[in-house]
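Q: Take a look at what TrEMBL says about it:
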type: BINDING; residues: A:7, A:8, A:9, A:10, A:180, A:185; note: ATP binding site
type: BINDING; residues: A:47, A:74; note: substrate binding site
type: DOMAIN; residues: A:267-343; note: domain 'ACT'
type: DOMAIN; residues: A:349-421; note: domain 'ACT'
């Protein structure tokens, strides 16, 4: 008998009908002889609707109350899923994050899981019940106040519970049926992958794949919890994410896929005096404002005036704030200019196979050159190559790289309605 | 400095705009130098919408999950009220029923309050915060599962908190600005009462006044918590409910008002053998089915066949179930018939003044006789007279009694939009 943790996203729970479909799947898993723990997100657009109400009553809502508000969404979906399960003849019990022992830091709106002590969940499992745990929420053990885990929190709840319960697998259900070699809306013959290592998935998540949140994959890797990405609309086994890249025999290591990302902007700070500590001023200011920077490029110093330029990318949503901040610094620091560009796109090639094939970087840049696409920034890791290009070139670059590295299948990929990939 | 508990109903919180208006009132109360604890119901129709969803996923939803579902409604309104308060420059903290120490029996959907241990609320008050407590919900101290208090639960939460905190007053806000001598939609010159004793309010609540739930008034009387009924749409001081009828000097005791009730049905069981224990069979069967009976009338035994008839009233919503039950018993017990009548109405006159004016019952029945209204059932308590009449006669009877006992004012009563009185 296996212990299976299943996580269902909001789009899988957007109506009473969908909730019943999910419940039927959960009961089927139980009837196959498994212990089942389910983590649910809030139904459909509930979270957005609550955020909207909050903004109407207070444009700067206090974080503690925001958590109290938003966690109501998961309580609703969880209770409804538990009810639906009982209507299919199985026993269910729902738990809040606090009841399930999800202990977090005190930071409202973006708490981190400290520990999961699921004694009550274990007890209910032993009584033969299906346990439904509210995702995205926890409780701070000292203040006893309710917290939320921030973006992708429900995935993290599921993985953390799976780790604490020593589950056999953590299945993440959404409206896509697995991890593909590329976005099938851009590359029609993109192929679903059967298996990936944690590292490969981490790289994909880091460069724009929306399927899994980086944080949940990091957690899964740390506790070695196998994850499976599946669709709640089909019975496809999906994609398994498990094991280390180190365990993949060199001959079998392949390229995993091409990821695309339109969510970043590029900022260039020009005419920086080339002294030690100048770059640190920029990155400290951004860090203090909690703006994450992704790629960074520093030009060689100009021989004429001994100044340099620094170019970096950050989330587009933080872009205007970052520029405002740097424009202020520009005045005191005497930089020449701060330039903002949000018409960029990021294309990445990921795969453990890269390690054993040294020519990949060259082939990557040649492929883009051959179709006249200019690379504006370029970085590589052990198993990833990323280029920043014009946003308008992104789809074409994706198709060209997918073709060049022969990642496609013979059939067209299935794209589900409303896919959020 | 006084400690004020304020309770706001769903209609006072139906939109972001109304929530901001309520928050402004709360902050004003705080700025007058009071400590303030607020109990909120769920926004507008939230509870009905959640009930509807529950029925869609499971026509017989399990009670425990129903409580988990419904309590989300109060968490949402509470968090929003707390946010709105902060936007007016005061500090607020919201508490779930469990966090506020509302300990209840285990009975899901209709739990009773065992004890309120508001240590965390007290602590927050001492820090100068306005405390927002979710109404209608509690926690069972043994199972730690979340419970709800049933109909009118938020009023009861407010009164119980007021008692535990030794508050100076418990203000109940809705869309009506006080207790009237009659329903102003029926009697245009109905007068708002400034003050009532607990006993008078209990009698009014028992015979159809919807302003306060019987249970909350019983709790307030037991712990001697003064209640004030007010409108969240006006600054009228409303009606104070405090003190015992015993404390009202005889000369000042007056008649309080006329209450009407269309929510009951009449059931008659005919041809019951007139033996000891026969009536008990009826009432035991109804009690086991959790059907509350209100008025009961047993005819004198027939000399011909030594049988009797029993007539009683019960909530119309339970009527069909009660009849089904009694029809089954009829077969085994050999009664002649079970008759059902849901076209009845109940009109009551309430007031401490009745005690010192022995002619009131006679005048009551004469007033109805004079306009040709037939009394079908009749009961009296120390300070109340109730008659069951045809539903179609109810409004006329109300006006006639209000006039006869000179209860009206000189002006027309204000009726607010959407008044639920």
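Even glycines carry a Cβ here, placed using N, Cα and C.
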Q: Rank the binding-site residues A:7, A:185 by the number of other Cβ atoms within 10 Å of each Cβ, and give the residue at the low end.
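A: Output over binding-site residues A:7, A:185: least Cβ neighbours within 10 Å is A:185.
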Q: Which of the three DSSP-derived classes (helix, strand, coil) applies to residue A:9 (ATP binding site)?
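A: Note: residue A:9 (ATP binding site) is coil by DSSP, not helix or strand.
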Q: To what whole number does the mean pLDDT across the domain 'ACT' (A:267-343) round?
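A: Overall, the domain 'ACT' (A:267-343) comes to a mean pLDDT of 89.
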Q: Helix, strand or coil: which one is residue A:180 (ATP binding site) in, per DSSP?
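A: The three-state answer is strand.
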Q: Measuring C-alpha to C-alpha, could you say which of the binding-site residues A:7, A:9, A:10, A:180, A:185 are within 10 Å of residue A:47 (substrate binding site)?
A: A:10
Q: Could you count the residues of the domain 'ACT' (A:349-421) that DSSP puts in helix, in strand and in coil?
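A: Once the DSSP states are binned, the domain 'ACT' (A:349-421) shows 30 helix, 14 strand, 29 coil.
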Q: Express in Å, rounded to the nearest integer, the largest CA to CA distance found among the ATP-binding residues A:7, A:8, A:9, A:10, A:180, A:185 named in the record.
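A: Among the residues the record ties to ATP, max Cα distance equals 25 Å.
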Q: In whole Å, how far does the CA atom of residue A:7 (ATP binding site) lie from that of residue A:74 (substrate binding site)?
A: 12
Q: Do any residues at least six apart in sequence from residue A:10 (ATP binding site), in the same chain, have a Cβ closer than 8 Å to its Cβ, and if so which, in order?
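A: Non-local contacts for residue A:10 (ATP binding site): A:41, A:42, A:43, A:44, A:45, A:46, A:47, A:77.
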Q: So how many other Cβ atoms are close to residue A:74 (substrate binding site), meaning within 10 Å of its Cβ?
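A: So the number of other Cβ atoms within 10 Å of residue A:74 (substrate binding site) is 31.
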